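Q: Input: one structure, supplied below.
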Amino acid sequence: MTTTNKDGPFRQQYLPGVHKEPNLAISESTHSSDWYSATSSEDCFQAASQSFSSQKSNGNVITQQPGKLHCEISDPKSCSFVPAISTDNAQMGTSGIIKYRSYSNPDLLVAMSPLAYRDEAPQSQKSVANSRQDLTQTSCEVVTVSETVVNADSITTTTVTSSTTTTATASQEDFIMVEAEQDETAGLCDATMPLVDKKNITTSSTTSSPSRQITPRIENGLSFENVVSLVKIFPAFVNKLLKKPWYASRCDEVCQFPKAELAYYDIVSTDVDDEHFVIVAGKVTTDEHLMDNQFHLVFAPVGFSEDVSLDERPFSLFRATDKKDLMDLLHLCDEKSFLFTSLDMSTMRADILRSKIEELVIQIRLKPHYHMIHVAIATDRLDFFSDGMIKTMNETLEPFESQLRCLCHTENCYPVHLALTMDRQKIVERLLELDPTLFCETDKAGNNVWHHVNSSFCAQIIWDRCPASQHFIDERNMDGQSPLNEAVSTAKPLVATFLIGKGAKFTRGDRNELFVAMTSKNAQSVVEVVLTDKPEIANERDALGNSAIHVALYKESLNALLNRKVELGLDIDVKNNAGETALLLFITTRKPDLLPLLVTLYAHGANMNATDPHGNTALHKSAALVDAKKISLECVKFLISAGSNPNKINLRGESPRHLAASLQNQEMLAILKAAGATRCPKGYKGCRSNCRHDCSSAEDEYEETLQKIRIGNESDYEKTEFTASEKLNIQDTLDGSRRGKKAKVNLISMDGGGIRGLVIIQTLIAIEERLGDDIFKYFDWSAGTSTGSLIMAGLATGKSLREMQQTYLLLKDRVFDGIMPPYDTVQLEKFIQDQFGTGTVWEIPYPRLMISAVNSEKLPVRLEMARNYKPAKDVAPETPKEMPLWMALRRSTAAPVLFKPSEDRYIDGGIISNNPALDLMSEVHAYNRELQLSGRKSDAVQMNVLVSFGTGQIPSTVIETLSIDSNSPLQSIKTIKNLAAMFIDQATASEGAPVARSRQWADSLEIPFFRFSAPLSKNIFLSSTSDLDVCTMMWDSFIYCRKHRDYIDELVKVLKHDTDHPHVKTPFTDL
């Protein structure tokens, strides 16, 4: 006979996602009446009596003591099932005890005395959910047929016989779910189970808890969940059968080590001293277990050991066959280890824990430049911002206040802006509690919180909880976009609706006239007119503290403004409210004319190593932005060529190389390594293999990088190397075998070449860095032609090499500013006077100068030299004492076609002496002979070294034909053109034969000879105004000097060997 009640038949119901069948779980909201088959003890007794005989025949009767509730449990470690008791399967024992057995799980038997039920009936109607104390009054007895006693406080094993009972009084904690043990093979079990009210469980129920779907069991058959579990277990079974690895096939999928596998791995030695993060490798191979040939990056909560408990097993974060691939990630994870160790592993479900760890690893790999707080926001770790976590970080890590203002380099914003952009609503609320002033700050591009907000929810809570931020609702960013403009342009309709509802406008009002002109193309004339009419507005600032220099978008307008910076009292390195100079701001904001803007700023004297409040230079910002294609590599090359320090570190101890290595940008890394960027110091955390201290030596690394950089076809260029006789001359000089009573003088010669004079300057800068001192004071006699004379005069008048570099960048825009030659001669003369003054040549006391020019008044043309000393009487007449220096320079730079002749007769000295090295040596020889003939041989000087500087070697070109054919006029024209180019090339030659002659003459005198002339990747015309061409030429020269450091070092040895240099007094005697 079967008895049913209103709760339906007795069934076992379990939760989806749990593949292992547990046997008993009591819900927090379960009524005690739900565990009985009827509403009265009489019903219970009757039902039991009617089924007693059939139960007895099956041999399943267990003798119980009256007044106790008994449960027979076969596997107490598994507890997903929620039993609903029915009288359908109630059975009566010999002692009058009712026992209930499940349809689907015959191992589960619930037995209770009807007398006990009658005694407890009134109290049993109370809900456990309302008061757990009700259930604590009931004494329960568990018959442990399977030798295990289950208690929610603890699980203990007790060996008993079938007649032995263990009695325990239920406590409040007895009525919770018992956590299911995870299956090691499949790894698919949920770590925790929610509490379920039995009354909400029916055969047709679709929900049992807010987050889980309950699937009814099919009577006398497999449930859907059993089928799912079998499907999930099947691949693991096949893998084990086929001896496939236990971990996932994807190398970046986080997997927890099965306990049985821990014994087969050993820890690999690394430079990271943190037991939580280790690299392990397989160590043994057996018939049953093949050795794992992959390295595993492991997160071990309590260390990597086979003795750990199931809940503390390590996680394999990443796998690779090459240990080096894991080292970078190891250092990154170690730097952010707090994010892993702070996870609440004791209460978190296993699948959720794995998911959170995997999300951390993904973010760290994708965003290696992120600091800890940025990763916490990206992974939505609200617990990171809790009071306990903050206290721990303040005591053991970087202060939390410092982290809140830690700049995110690629996004160029702060954590609060990142949280708004990613719409981390809970984190935003927490930040409002911690420090509302964060929401009044702008990022480096001038965006405030209203620009970043991505949901109306965040917008509303900011509006309500931070009233101060309401004042910025119409503030524009660096691009002139208001928050409402931004919301509309980025398709955020709900945010746009919110802003409009709060009174936001599309525009805040125009800036002053100068600001408008600075953002307009080809508006240089407008800038000049505005400054002439209202010079006072040149120093005005906008709401973000930006000056007119900061907002410039085009080179022409910026040049027009900075040309009057001295007159207007402008500071080119002035900082805005964010603490950034115009240079730093240009790097981080996408300017349409970035490279020309950078060149213009440097030409006018901008500090290339200026820092923001975080200590970041332009190179730091570039290293973070190159990967995002926000800045070109040409800009980076220019910054380095212009003096940006590749080894400067910011306030966090990060160098540009560290940031580039974090992003694994190989091109950027190659540039920095070629520039001499060093690795991070030993012990610095978060380094990847390209910046860690434990790798190859610096010199080997530099050489390897430089060897890979090729400029043109090497066979086209003369090599910078010593001949055997030159090595001997240098050795004799350093050994002192050429000692004598004569004063030794160092000679320097500079070729002509227009704008390519930048090659000479870049080379001199490299030598000066190795010398560690002002190089020009080590030379006693100098000669220069055309652009070489400008450099020589600038250094002689006290300019530094960097100032001369800036002068040349100004020259190309001010002097070569026409569409085509001839260029404005008046502008050239004015520029020379502005840069070198109006003093005379004779006012420069030292060193001796020779400035070449060609007098073209009659044929044959004559080479004339402007000097600041009296030459030998048979060489040339004395230069007039009143000759201005600018006039001598004007004569020497009067390149035919490009400029009108000076005084209608003087043209560029390069026509005859484009490489004045031979003329310089001739001048010294004539001086000594004059003294010898006048009986003052002891006053003669001895040449100590000759250094010749060229303006770069251009790539070779093929001459098609040199034959003139009267039957082919076109060919004849080509021939004439080729002959003209050849004649001009040889007339102005500074490479080839002139260098060979100088080298041989110096060798005959046993004088060390050095020749510097960088190979250029393209032919740069001497009047080129292209910023890209100029920057390429500067970089080619920079790389040339880096490749020939040994050659430069030999020159430095020779210059420093003579203790008389620099001379305290002149070694020369008047003739």
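Cβ coordinates are placed from backbone N, Cα and C, and glycine is handled just like the others.
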Q: Do you know which of 662-667, 710-715, 752-757, 878-883 Swiss-Prot annotates as motif 'GXGXXG'?
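A: Among 662-667, 710-715, 752-757, 878-883, the range Swiss-Prot annotates as motif 'GXGXXG' is 752-757.
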Q: Quick check on the annotations: Swiss-Prot lists region 'Disordered' for one of 1-22, 199-220. Which range is it?
A: 1-22
Q: Reported in the order helix, strand, coil, what are the DSSP residue counts of the repeat 'ANK 2' (411-440)?
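A: Counting residues per DSSP class in the repeat 'ANK 2' (411-440), I get 22 helix, 1 strand, 7 coil.
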Q: Counting by DSSP secondary structure, give me helix, strand and coil numbers for the repeat 'ANK 6' (578-610).
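A: Tallied per class, the repeat 'ANK 6' (578-610) gives 17 helix, 0 strand, 16 coil.
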Q: Residue list, the repeat 'ANK 2' (411-440) vs rest of chain: Cβ under 8 Å, 6 or more residues beyond ends.
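A: Distant contacts of the repeat 'ANK 2' (411-440): 373-374, 377-378, 380, 382, 385, 390, 403-405, 447-449, 452-455, 457-458, 461-462, 465-466, 468-469, 472, 588, 621.
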Q: If you count Cβ atoms within 10 Å of the Cβ of Asp908 (active site, proton acceptor), leaving out that atom itself, what do you get?
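A: Here the count is 31.
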Q: For the repeat 'ANK 6' (578-610), find every same-chain residue at least 6 residues outside the stretch whose CB is under 8 Å from a CB in it, and list them.
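A: Apart from its flanks, the repeat 'ANK 6' (578-610) reaches 412, 442-446, 478-479, 544-547, 549-550, 552-555, 558-559, 562, 565, 572, 616-618, 621-622, 625, 630-632, 634-635, 638-639, 642-645, 648, 806, 809-810, 813, 1027-1028, 1030-1031.
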Q: Within the motif 'GXGXXG' (752-757), how many residues are helix, strand or coil going by DSSP?
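A: Taking each residue of the motif 'GXGXXG' (752-757) in turn, the totals are 4 helix, 0 strand, 2 coil.
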Q: Where DSSP helix means H, G or I and strand means E or B, what are the helix, strand and coil counts for the repeat 'ANK 3' (479-508)?
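A: DSSP composition of the repeat 'ANK 3' (479-508): 16 helix, 0 strand, 14 coil.
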